[in-house]
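Copied over from TrEMBL, here are the features:
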TRANSMEM  17-45  transmembrane segment
TRANSMEM  57-79  transmembrane segment
TRANSMEM  86-107  transmembrane segment
TRANSMEM  113-136  transmembrane segment
TRANSMEM  148-169  transmembrane segment
TRANSMEM  181-200  transmembrane segment
Amino acid sequence: MTISSKAQELIDSVTPLLILVVCCISSLLIATNVRCHGSLALYLYEDLPAYVERNEVHWLGATHGMIVFMFVPLISGIIDHFKISYRTCMVASGLTSLLACLLSTGFSEPGYMIFTDTVAAGGAASVMLSTVILVIDDYFPRESSLRIFATTMVQGVAFATFFLIDGYSIALKLAGWRAVFYAYGTIACVMGIFGGLLFARPVRPYSSSSSSNSSSNRKRRSPYSSWSTRRYRRQFSWPTPELMKRMTIPRKLSWTRTRRRWQAHRRRSRQTMPA
């Protein structure tokens, strides 16, 4: 075994762990920022002009979380349908988060922050979270030993609630909301760059169809989850005639046979009854 092959094996063994670490940090960062936007709104209200009402600031924090979680199914479906590169999504979301946080610290009215914090930063966080979910599904199939741990960490909300909210509040109190915005944008940008380096779509071997071997008729299939996907589709596919035959109730358990047996039993009972 050559040195290059050993190095390649080491890289192949370490890469899934690095991907899992980046996914976990990204999901925890987004979940913590969403859950702590209420505390951030309180400190933000102190630096705003006197004519700004408190309800406007709290509404700003609530809409940020709504944008992040509401568009995850739509964005993940778009990324998967159009086969958008994971690297492009991660780098774009990281840079957008940094730019949105820098712009949010320069405005003094919540009306402008709706576009910077809610729309731009919330949309970027939604894209990053959607990409992380798709990466977990691609790199950690159902038979993987890290599948349960990865899917649990990607949710992130429970872990962020217990471990990171207190630290977020302390940072708000000591450094101020602008420093927290700077830190969040910087960390999100770093995670986006790391994700751009690691989150390549898995190389999917092409399987030629029965009619033609041309590249136009070939379908992409993941080497990580092809067996489990085919098994899942066979088990939960739309009912076919063969499947319906296997799903029919055995004759011994059928209702018609049971009813006839009960009627015959009643007739015999009546015949044996004394006059």
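Indices start at 1 and increase along the chain as displayed.
Cβ from N, Cα, C; glycine included.
Automatic, uncurated: that is what TrEMBL annotation is.
When each of 17-45, 57-79, 113-136, 181-200 is scored by its Cβ pairs under 8 Å to the transmembrane segment (86-107), the top-ranked stretch turns out to be 181-200. Taking every recorded stretch in 17-45, 57-79, 181-200 and counting its Cβ pairs under 8 Å to the transmembrane segment (113-136), the highest total belongs to 57-79. Nonlocal intrachain contacts for the transmembrane segment (57-79), taken as residues 6+ away from its ends with a CB within less than 8 angstroms of a stretch CB, comprise 30, 34-35, 37-38, 40-42, 44-45, 48, 86, 89, 110, 113-114, 117-119, 121-123, 125-127, 129-131, 133-134.
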